[in-house]
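Student: Sending over a structure as structure tokens; questions will come in a sec.
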Amino acid sequence: MSRRKQPDSPLFPLQAPVPDFTFERAAHRDGFWPVAGADEAGRGPLAGPVVAAAVILDPDAIPAGLNDSKLLTAEQREALFEEILATSTVSIASSSSARIDTTDILKASLDAMRRAVHGLELAARIVLVDGRDVPPGLSCHAKAIVKGDSRSVSIAAASIVAKVTRDRMMARADATFPLYGFAHHAGYATVKHRTAIESHGPCSLHRMSFRPFRQV
């Protein structure tokens, strides 16, 4: 009797990992407390700042539903943003498009994260950072965590704060630069945004070091 071949992949897709408090607990066991999470929003857009946030969660008041901001709806992000601000220690910093053009997007992002961490009213003993790079010049210990916004609740909270803050900034910028539709795409390279750039040229919020502006 022949055996049925096992499928190469599971019958049901695996769920995306949900961030938890594992990294924070490990840091606490190692003697590092408080623990902050840090993340940024806006590395990829053609326009606007990159915004970083640092968050120290209250272990007794962690908002339900924390996750990578990219996996949440705008309504979910807004609700969690308000809850995070009400229950946590939060600091926000940004690097402008001019700063991005003067240095580069990675340096500008890391500098914004450093300033966000240093702006916390409660000094962190260690900061968990999303990605592979740790901001230079931190006054505390740091640990880089790849895909940290889907693994650590502190980083997930920071990703939400950074994303909502930046989206609100770009919505306000739409009133000053109404030709580009910043309220709809937040500066990302959508077809509508590229068409507006072709029609009207770049504005002062555009990152001239990014394509397609290098030849403009």
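Positions of Cβ are set from backbone N, Cα and C atoms, glycine also.
The domain 'RNase H type-2' feature in Swiss-Prot is assigned to 33-216. What Swiss-Prot lists as divalent metal cation binding site is Asp39, Glu40, Asp130.
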Student: Give me the non-local Cβ neighbours of Asp39 (divalent metal cation binding site): same chain, 6+ apart in sequence, Cβ-Cβ under 8 Å, ordered along the sequence.
Tutor: Ala52, Ala53, Met113, Val129, Asp130, Gly148, Asp149, Ile155, Ala158, Ser159, Ala162
Student: In sequence order, which residues at least six apart in the same chain have a CB under 8 Å from the CB of Glu40 (divalent metal cation binding site)?
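Tutor: Same-chain residues close to Glu40 (divalent metal cation binding site) (Cβ under 8 Å, separated by 6 or more) are Val50, Val51, Ala52, Ala53, Ser109, Ala112, Met113, Asp130, Ala162.
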Student: Inside 10 Å of the Cβ of Asp130 (divalent metal cation binding site), count up the other Cβ atoms and send me the figure.
Tutor: 27
